[in-house]
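Report on the following structure.
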Amino acid sequence: MERTESAPRTGLGEYVARHIREYGLLFALIAIMAFFQIVTGGVLLRPVNITNLFLQNSYIIIMALGMLLVIVSGHIDLSVGSVMGFIGALAAVMIVQMGMPVWQAMVVCIITGMAIGAVQGYFVAYWKIPSFIVTLAGMLVFRGLSLWLLAGQSVGPFPQNFQQLSTGFIADPFGFDRPNGLALAVGVLSVLLILWIGLRARARNLRYGMEDEPFALFLIRNGIIAAALLFVTWKLAWFRGLPNVLLSMVVLTVIYVFLTERTTIGRRVYATGGNAKAAKLSGIRTERLTFLVFVNMGLLAALAGLVFAARLNTATPRAGFAVELDVIAAVFIGGASMSGGVGKIVGAVVGAFIMGVMNNGMSIMGIGIDYQQVIKGLVLLAAVFFDVYNKNREG
Amino acid sequence: MSALLQMQSISKTFPGVKALDNVSIDVAPGEIHAICGENGAGKSTLMKVLSGVYPIGSYDGQITYDGEVVNFRDIRDSEAKGIIIIHQELALIPLLTIAENIFLGNERARGGVIDWPETFRQTEALLAKVGLREAPGTIVGKLGVGKQQLVEIAKALSRNVRLLILDEPTAALSESDSQALLDLLLELKGQGVTSIIISHKLNEVRRVADRVTVIRDGATISTLDAKGLTEDKIVRDMVGRDMAHRYPERERRAGEVVFELRNWNVWHPEQRERQMIRDVSLTVRAGEVVGIAGLMGAGRTELAMSVFGRSYGRNISGQAFVRGQEVDVSTVDRAIKAGLAYVTEDRKTLGLILEQTIRRNTILANLDGVSRRGVVDESRETEVAEKYRSALRIRTPSVFQKVMNLSGGNQQKVVLAKWLFTAPDVLVLDEPTRGIDVGAKYEIYNIINDLSREGRAVVMISSEMPELLGMCDRIYVMNQGGFVGELTAEEASQEAIMSLIVRE
């Protein structure tokens, strides 16, 4: 009866079977990319298209980081699309119409986003109003406010320095043009860094007996990641180098991985989502934590709004429409659980890339938006079904 | 007179526990038959077997009802025969009306359309029978518990009840409501309804019952005529059992007063006029294990939770002292800082994050103890978890197992580890051995003794009286929200505790 009594020594195949979810996600991304690479006749992985993939999906990924925390803490935020659009509109009104300096306007936008998150978080955390309702209300309110701010018009274009936020590229200090030296250097360095961190963690975990991943699998897994990284940076190097937005995405992802896995705040969020009553009786201030999670979501939605507006170079009343659904889908594809307490930042980012590659690939193939929606919906259902199926099989 | 109901040699086993062991009981037509026993004696399990909650095949033994052997597969089968059980927690839907509740699932309808005039007419007749003067259209949630109990009985009558089973019917009722209910039972008896009543209140049992069956540890101890039966005899049958060697030896050594509670009062969180804890004062010394005895619903858990960061109740008043200093226990983290730890009664819903590992659960209440500037030191975290794993002998291949994969006893040790890592002065253990097997219980007792040897003050809440008697230096007896007595280890016995409780 005691499953815990069994020894953890396992073979390769069995190990993969047990961790099917983590590996499955990575393999699914690779398989989807391979599929579209073939059916688009190689267009998907052209340098310019890879660059586009990052630009197109940056705002989804930025918001998925916050949404993961919201979902892990046992809530949902339906308002992020509207908030993102609203912040873009606010930026346009301040920068384009009022002529406010870009940095000043960005600060105001970020603070506004946090304030929006704070208000929603206040009702969710302290008044125990279901987040679904509070953020549904927020979704309607900020959709309306964007329309009002923009008076139903598109506002643009933005000054050059604001556009740089999204469409800019980091200057190459090595002075080559093609291939871009910085991109190559970053590719090689990050591969070395990932291997070093991976090996170090593995050594430490082995010492405590918590690691049972076969070494061969460790090599395969990291080999795939390294190859992918080198491939992507190589391709980027042959276009215009590293996009600014890629840098911000990577930095943010690293910060949130650290936050969720290594800090006390991260631990408390997972504990709250896993069992709010037990967390509360362990001295965790669950209300304040929920409040902060929503403030953080507002912050990231604001950032996404700025990135999105900068990329389109205008703010439109329809910006951010239904984006919350893509963000939420990305987090669930990435393995988060609706009931809270389970989910990883890396999973959410990979989930967002899966959505992004599908969007991009299907657009290149010329598949209509109608079919695209159907396919994305089915992929979401399949991913979650896969989760539940595995869980039932385990239990 | 042949019996209406005969349950013969009923045995029922749950994984690891024999809940019923050859229980036999027979109920004569038209009698009121009382079943008495301690918490966990098997009374409710027996009634669940009878009503088909545990279907045929999940137990051994035979049930004969009305002269024929019956095999109930679910509760509908037993209801069709007129056997209706009214549980302690009422099964009414608070947002529906009395009439809707009474005929729920049994609607007066023609072709699927509810016949409201007929429904109301029949409801009025039923309410008159049970003596409840309320309109059939009254929302049930607006009635008091006593009146809701009457609605339940009216509902049973609407289904042509022949054998009515009441599980602790008066536990939540006021004195006058209880009297009215007991009168109603006698009246129904006059109309030919047979009743089984499960109760702790021996004076009530003696008032209405014709015969009394006492169950202890899942076995029938005696069935006696209520006439001439003394409460002492019932209490003796309820509690008498061998207690030797089930508890480790402990040396009694009480030091200075570590924890003190003065005039603690708590009101119900929703029902504002209902006082849950009345003027409770208690002291615990260093190295002392102090028990709180009482029946379910006495308010023991509510007392503990209200002290621990106001996690229960409202309008809380009173003072708490740790080592003579008044402490602020108004939030859980303040209570922890003041040196308190509360091991919850229900470890799965209140004690653990089941999805997470042993390691993460162990440090949950003292995250700052393994982190620097908000960053968790994972090596330190693992060391702490490993330390408690070996100290408490948590049986698991590694501390990276999810706690949901552990057995009950090991889960309980993880909860204990979590609280020990906060280095508390005062540990409140609420039902620390509930649902775990005998061997693990013994280990938990050893841990408790180790803690008191270290000079910590331990408060132990338990529904198992032998456990309190075996472990505690002093026992407070609690009933209906207040302390009704205090017994030293020498004075304490199950009879003494029970008679303090049933004296009410």
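Glycine residues also receive a Cβ, built from the backbone N, Cα and C atoms like all the rest.
Copied over from TrEMBL, here are the features:
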type     : residues  : note
TRANSMEM : A:23-44   : transmembrane segment
TRANSMEM : A:50-71   : transmembrane segment
TRANSMEM : A:78-96   : transmembrane segment
TRANSMEM : A:102-125 : transmembrane segment
TRANSMEM : A:132-151 : transmembrane segment
TRANSMEM : A:182-203 : transmembrane segment
TRANSMEM : A:215-236 : transmembrane segment
TRANSMEM : A:242-259 : transmembrane segment
TRANSMEM : A:289-312 : transmembrane segment
TRANSMEM : A:318-338 : transmembrane segment
Intrachain neighbours beyond the transmembrane segment (A:78-96), with Cβ under 8 angstroms and 6 or more residues off its ends:
59, 63, 66-67, 102, 105-106, 108-109, 112-113, 116-117, 120, 132, 135-143, 145-146, 149-150, 155-159, 162, 297-298, 301-302, 304-306, 308-309, 314-315, 317-325, 327-328
Sequence-remote partners of the transmembrane segment (A:50-71) [C-beta within less than 8 Å, at least six residues beyond its ends]:
77, 80, 84, 131, 166-167, 232, 235-236, 239-240, 243, 245-246, 248-249, 252-253, 256, 260, 269, 273, 293-294, 296-297, 299-301, 303-305, 307-308, 311, 323, 326-328, 330-332, 334, 336-338, 340, 343-345, 347-349, 351-353, 355-357, 359-360
Of the listed stretches A:102-125, A:132-151, A:242-259, which one has the most C-beta pairs under 8 A with the transmembrane segment (A:215-236)?
A:242-259
Tertiary contacts of the transmembrane segment (A:102-125) (same chain, 6+ residues out, Cβ under 8 Å):
75, 77, 79, 83, 86-87, 90-91, 94-95, 131, 134-135, 138, 142, 159, 161-162, 286-303, 305-306
